[in-house]
Structure formats: C-alpha cells, structure tokens
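One structure is given here, and the rest of the page talks about it.
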C-alpha cells in the first residue's frame, strides 16, 4: 500500500473511491487479525496518539484508544476539567502544546462544527507534523462512523468477496433526527459514493431540503467504474411507506441536547410515527439489516424487540467493526508522506 494522500481526516467530502477502498481493505485485514486472536501488532510502535474529547463519548473514545493500543501506539487522554483550559488557555494553544510534546495524531471531538479543521490549520501554519482525526464535530461530520457503517453494510451484503459496488442501487433508509446528525452527513458521502440511493425519513422539521445537495457537490474523482454515477437522495415523511422498499435501515436518535427550537409536537407523537418496531419492519418482505450509531433510546426511535430479537440488527457489529476501522484510519495517517 502506497502513501496516504491526506494529512488530516476531517470529513469524507474529499475522499476518492481509492481512499474508501484503502480503508475498507485495511479494516478487513485488521478485523481478520483480531478474529484470529492477534490483539496487538507493532504497526504504530513509537507513535503517540492523543485523544481530545470535549463531548461525552463511550463508543468512539474507547474505540479509538483501543484501536491505537492494538497498533502498539502510546496513548494519552485529554481531560478538559483538569487541563490548563480551566486557567484560560485556548483550545488552539492546547493542541499546539500536544503537538510540541510529540503527538503524531490528535483525535478530536467537539460540540462545535469545524473545530478540528481550525486546529489542523493552526498546526499546519506552525509547521507541525501532527495529524488531526475528526472524531465528531458538532453537526458537521463523523468520518470514522461513516466509514464503519459503510464497511458494516458491505460486509453484510457481500460477506466473502467484500465488494463495495454491491451497494450500487441499494436503497438505504436513514430515519430520525437527520438535521442534527453528523453521522447522517458522513453516511451520505460514503454511501452515495458507491451508488446507494438514500431515503431520508422523518418529520419535515428534522430533515432540511438542502441535503439533496450532497450528491451534486461531490468531487469528480469520486466516480470510477464499475460505478457509473453517484446515488440519489430522496426525502420522505412516512416511515411505513419508506420501509417497504428499503434494503437497509440506519436509525438515528433524537438529539434533544441540540434542539434549540421546538421542532416536535411531542416525543410520544414522534415515537408513534418514527419508532422502528417489528410491526413496521413487517411491511418489508426482506430480512433487512438495521444499524444505529448509538447511543440508542429504546422505545423512542427503536423498540427493544428490534434491538434484542431482530436477527439482522447490526448494532453490536457496528461497535465491533469500529475498532478495526479506526485502526485503519490511524495506520493510514501514519503513512502520510512516509
């Protein structure tokens, strides 16, 4: 595998098909090693990974730190409450300090959009070699989640050959609080790159019409045979109608902590219309896969029966796949200009 073309991974909007395939290939390789009992390899021995999380996280933070440790990297965690931020230091200065300490990669999560981008610009201006990996920024982007969801769906539809083009023309239903979801935005880039047709479903107040711009604004180099064109995006307010033709469903939670306006009449009404239940799934004649980036709110966007009993509920697969996916991203960043 040659050099990786990106110093930072901030969004999937600049990923080429080759970039996606590099991540998928490495993810599969690392997953196979993990499944074979090889829990640690010396790929990043001597590298320092620093996780800087300004938002609460269970899956993403632990997954990144475990991924780094499985690659034999040194890992340090940043805690805002016990840092110099409490003394007035800026986030930019904190990042520059970690770079000066020799951090090779900063894994950053922040509640505001584009904070990782601004940090990467300051690092580049200072001539630091440190890379930034966006672990989720506001409503903007969550690249690693988009990539692990992409891998999870490809693995489901093409378990042996792992062909990304299997997603071409598949109808992927994304239901829930799309307007506040950085995961949805990353999923749109990744899935439409391989020709998937996306159905965004939810109350009109939670799905902005401008999401259809994601396809038309894609980089030209994302197109490559055997995929003749990017997928489409359509918008629906009916889960019952949308699920009938879906090949897969990605459920999103209601992000009540981000709702600054009264966008819903009531949680009860939302659940009645958009909670994924066995009854709604029965409208589809196929055993379609169900994904959810977590954390889940049982009984609001997805029923416990679907989570616990539905055979193709892939939530735990997503968690498991997150580790090799993030191993792949950390490894690839280490290959930038090497």
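Every residue, even glycine, has its Cβ placed from backbone N, Cα and C.
With 59, 60, 142, 145, 294, 295 listed by Swiss-Prot as binding carbamoyl phosphate, the candidate from 109, 230 annotated for that site turns out to be 109. Spacing of residue 294 (carbamoyl phosphate binding site) relative to residue 182 (L-aspartate binding site) is 13 Å (Cα to Cα, whole number). By the criterion of other Cβ atoms within 10 Å of the residue's own Cβ, the least surrounded of the binding-site residues 60, 145 is 60. In the three-state DSSP assignment, the secondary structure recorded for residue 142 (carbamoyl phosphate binding site) is coil. Checking each of the binding-site residues 60, 109, 145, 295 against residue 253 (L-aspartate binding site) by C-alpha distance, the shortest gap belongs to 295. All chains included, 22 other C-beta atoms sit within 10 angstroms of the C-beta of residue 182 (L-aspartate binding site).
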